[in-house]
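Since the structure comes first, as structure tokens, the remarks are kept for the end.
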Amino acid sequence: MKSKVPMKNIRNFSIIAHIDHGKSTLADCLIAECNAISNREMTSQVMDTMDIEKERGITIKAQSVRLNYTLKGEDYVLNLIDTPGHVDFSYEVSRSLCSCEGALLVVDATQGVEAQTIANVYIALDNNLEILPVINKIDLPNANVLEVKQDIEDTIGIDCSNANEVSAKARLGIKDLLEKIITTIPAPSGDFNAPLKALIYDSWFDNYLGALALVRIMDGSINTEQEILVMGTGKKHGVLGLYYPNPLKKIPTKSLECGEIGIVSLGLKSVTDIAVGDTLTDAKNPTPKPIEGFMPAKPFVFAGLYPIETDRFEDLREALLKLQLNDCALNFEPESSVALGFGFRVGFLGLLHMEVIKERLEREFGLNLIATAPTVVYEVHLTDNSIKYVQNPSELPPENHIACIKEPFVRATIITPSEFLGNLMQLLNNKRGIQEKMEYLNQSRVMLTYSLPSNEIVMDFYDKLKSCTKGYASFDYEPIENREAHLVKLDVRVAGDVVDALSIIIDKNKAYEKGRALVETMKELIPRQLFEVAIQASVGNKIIARETIKSVGKNVTAKCYGGDITRKRKLLEKQKEGKKRMKAIGKVELPQEAFLAILKID
């Protein structure tokens with residue numbers, strides 16, 4: 001079978017950039033220049049298909065598009081794979097880069113290299129990708145192209161003397177960039193005559209076609225009459241359809257060949273049947289070994305999600321299952337809370353992932369949700385020499401059964417203007433950080449490497465980092481190991497009852513300070529009741545902080561005009577008895593703000 005476009009004329013490349021460096025806008029420019037979408041259909045951020053992506057100006061789901069371009073009379077196929085830039089979605093980046101031969105490293109001419117860019121460049125270098133530096137936003141008055149080129153050379157060690165200078169917004173330098181992609185990025189390699197070997201680097205659910213796999217054909221070819229073996233599951237399926245990717249519509253094709261990127265429909269009901277990183281091969285003539293080196297995405301942060309309307313528990317399950325069809329990193333299991341009823345313990349890649357999922361559940365499925373404080377997974381060594389992994393504070397065994405607790409640590413890389421160095425180091429010390437390295441990239445920018453406990457960064461670290469550096473610092477992290485720590489469970493009691501959804505695992509030295517701040521905040525948030533309410537913070541059985549909400553008093557003596565004082569006293573005693581009884585059996589409704597307050601407290 002003859003290839004439609006010779007393999008030497010195919011270029012597979014992705015775009016690496018930090019949030020807000022103009023990656024999606026540059027992708028739009030390349031699409032427009034290659035006429036992949038008509039002017040009428042062209043919208044800004046055409047590669048970002050979710051509303052939430054456009055509103056937040058971020059890319060979450062990696063998209064792909066096939067572009068046709070003619071250079072010097074020869075036809076080329078350019079497969080552009082758009083990748084997310086946020087630290088939470090780095091698993092999307094790693095799988096996308098596995099299917100490319102080259103990457104455009106897009107850096108904002110006004111901001112220079114950021115921490116997330118460095119992390120993604122290292123993934124690209126590990127995959128032996130050809131990296132093309134691209135300086136974007138050169139038309140801005142405060143652009144400093146020479147300094148940024150020097151910055152890239154000093155930080156990453158890539159020669160930038162011939163770096164492309166573009167402005168995606170003003171469409172400057174786009175033709176030159178396309179020519180550079182064709183002349184510099186190598187063509188894919190692979191054996192056209194070998195058995196089919198295709199890497200699944202993304203999958204999603206389509207309402208009409210079921211689960212779809214976005215694949216890169218490494219060896220061989222695939223056609224619509226073939227039977228396919230999914231190597232991870234060992235199951236065989238017929239091919240229902242093959243398509244080329246395009247943001248607005250899928251373009252049908254009869255076959256996909258070595259070096260190409262395309263969409264495969266096998267008529268499956270769930271993306272779990274075609275896991276990302278799995279290998280597709282020919283059922284009759286399978287490839288001997290699957291493609292190596294893929295790790296399934298592991299949740300980093302866990303939180304409880306509970307519907308405010310308790311009868312919508314099943315709706316929440318359905319909604320999570322639907323989101324899971326598109327998001328293999330999302331996992332969940334049912335749990336119950338005395339305070340909140342039935343809900344789910346959900347695993348996320350990070351805080352942005354958690355926010356996005358919660359917002360999508362509320363927006364797309366009309367659910368009202370309460371999210372509990374995010375936690376990480378703790379390794380608890382018990383006195384009987386067994387090990388228990390705890391992701392929910394309520395599962396922590398009693399203190400006398402625990403030999404030691406180990407918590408996960410991450411290695412954080414932070415790039416900051418040097419004027420904010422003092423503030424930043426103070427923040428990192430408050431978060432129990434241990435400095436590993438400090439490096440001046442130039443006179444005005446510093447790169448810090450710290451090891452930090454994971455539970456210190458899942459709360460509010462990102463917001464604090466941005467506020468203490470006026471938004472200029474950038475941050476990236478990678479998990480390293482579990483280390484022993486002095487941790488305790490901090491409980492909040494309202495009217496004598498432990499509110500399990502407000503429990504947190506915290507460093508022993510911070511427990512008093514956090515407990516005091518918590519009860520003071522709760523006092524402001526819980527409405528006054530007809531009886532007195534005690535709010536207490538406790539570690540084990542020891543109360544470490546307390547606040548009292550005074551009761552609302554009804555004037556029961558208002559109807560007594562003059563007369564005997566004993567009549568008034570009798571009414572007041574009766575009221576006192578009633579309040580006592582209320583206090584014994586009364587339940588306090590906690591507002592949603594009380595659960596959110598725990599996230600905001602230092």
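Placement of Cβ uses the backbone N, Cα and C atoms for every residue, glycine included.
Feature annotations, courtesy of Swiss-Prot:
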type    : residues                                             : note
BINDING : D20, H21, G22, K23, S24, T25, N136, K137, I138, D139 : GTP binding site
DOMAIN  : 8-189                                                : domain 'tr-type G'
Residue, out of the binding-site residues S24, N136, whose Cβ gathers the largest set of other Cβ atoms within 10 Å: N136
Cβ neighbours within the same chain of I138 (GTP binding site) - under 8 Å, at least six residues apart: A109, V145, E165, V166, S167, L172, G173
In the chain carrying G22 (GTP binding site), residues 6 or more apart in sequence that have Cβ under 8 angstroms from it: V106, D108, N136, K137, A168, K169
Integer average pLDDT (0 to 100) for the domain 'tr-type G' (8-189): 78
In three-state DSSP terms, the structure that I138 (GTP binding site) belongs to: coil
Coarse DSSP state, helix versus strand versus coil, of S24 (GTP binding site): helix
